[in-house]
Amino acid sequence: MKQLVLIRHGESAWNLENRFTGWADVDLTPKGAEQALAAGENLKKAGYEFDVAYTSVLRRAIRTLWNVQDTMDLMWLPVVHSWRLNERHYGALTGLNKAETAEKYGDEQVHIWRRSYDVRPPLLEHEDERHPKNDPRYSKLNSSDIPLGECLKDNVERVLPLWNESIAPALKAGKRVLLVAHGNSIRSLIKYLDQVSNEDIMEVNVPNGIPLVYELDDDLKPIQHFYLD
C-alpha cells in the first residue's frame, strides 16, 4: 500500500478577508498557523511518518508545511517546492473582495468564474504589476508557462506533469509522501485520483488544515481516502 497525505494550507489573511488570492503571496493568520500545528499533531498521534514532502512556492503553504514538520519533528524532511502546486491563478480578480466583485459583476457571473470547470476569470494585462513575470521566483519559467488567469481545467493540466514526473515515481518507489498545497491544486489531484467528473469536482471543497489521507495500491489507484481530524 502506498501512502499520500494532502493538506490545504491553514487559513490565510485573504481567506479571512474573503479576497481572491491565487498566486498572491499572503501569509497565514494566527488561526491558520494553529490549524497547521493541529494537523501535525493529528498526524503524529496517528503514527504517520514521511520520506519526502511537496509544496508550492507560496508562503502560506510553505509555512503550513513548516508547522507540520516542526510538530512532527521532521524539519529534516526533504522538500520539493514547485510552482505547479500553486493555487489557481485568479487573473484580474486577484486581490478583489469576493462580495464586492459579486456586487459589480453579478452573483451569477462570479459563480461561473469560481465554479465553472473551463471558464477563465478576466485575465491580467501584461503590464499589470501583479503579473508573475515581476516575481523573481518565476524568473526561470518560460513565458508560455506563466498564466494570466486560470480555470480549474488549466490547474489540472499544470499539476499533472509534477504528479507524473515526480510524485507518482516517489510513491511507486515506496516513499511516504506529504503534500501541502492549495484548495484548487489539491482538488486537481482529487479529480485525477478519484476520476471525478468535470461537473462533480466543482462541488468538492477542501478544508483548511485537515489532512486528507489516500491509501493507494501499487498502480496508485485509491483503496480508500479519509480526512484525519
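Glycine is treated like the rest: Cβ placed from N, Cα and C.
The following features are taken from Swiss-Prot:
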- H9: active site, tele-phosphohistidine intermediate (ACT_SITE)
- E87: active site, proton donor/acceptor (ACT_SITE)
- 8-15, 21-22, R60, 87-90, K98, 114-115, 183-184: substrate binding site (BINDING)
- H182: site 'Transition state stabilizer' (SITE)
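Projection of Swiss-Prot feature records onto the structure.
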{"residue": "R8", "record": "substrate binding site", "Cβ neighbours (10 Å)": "27"}
{"residue": "H9", "record": "active site, tele-phosphohistidine intermediate", "Cβ neighbours (10 Å)": "31"}
{"residue": "E11", "record": "substrate binding site", "Cβ neighbours (10 Å)": "21"}
{"residue": "W14", "record": "substrate binding site", "Cβ neighbours (10 Å)": "20"}
{"residue": "G22", "record": "substrate binding site", "Cβ neighbours (10 Å)": "25"}
{"residue": "E87", "record": "active site, proton donor/acceptor", "Cβ neighbours (10 Å)": "25"}
{"residue": "R88", "record": "substrate binding site", "Cβ neighbours (10 Å)": "27"}
{"residue": "K98", "record": "substrate binding site", "Cβ neighbours (10 Å)": "15"}
{"residue": "H182", "record": "site 'Transition state stabilizer'", "Cβ neighbours (10 Å)": "26"}
{"residue": "G183", "record": "substrate binding site", "Cβ neighbours (10 Å)": "19"}
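R8 (substrate binding site) falls within a strand segment according to DSSP.
Put simply, H182 is the one of the recorded positions R8, K98, H182 whose Cα lies nearest to the Cα of E87 (active site, proton donor/acceptor). Distance from the CA of R8 (substrate binding site) to the CA of H182 (site 'Transition state stabilizer') is 5 Å.
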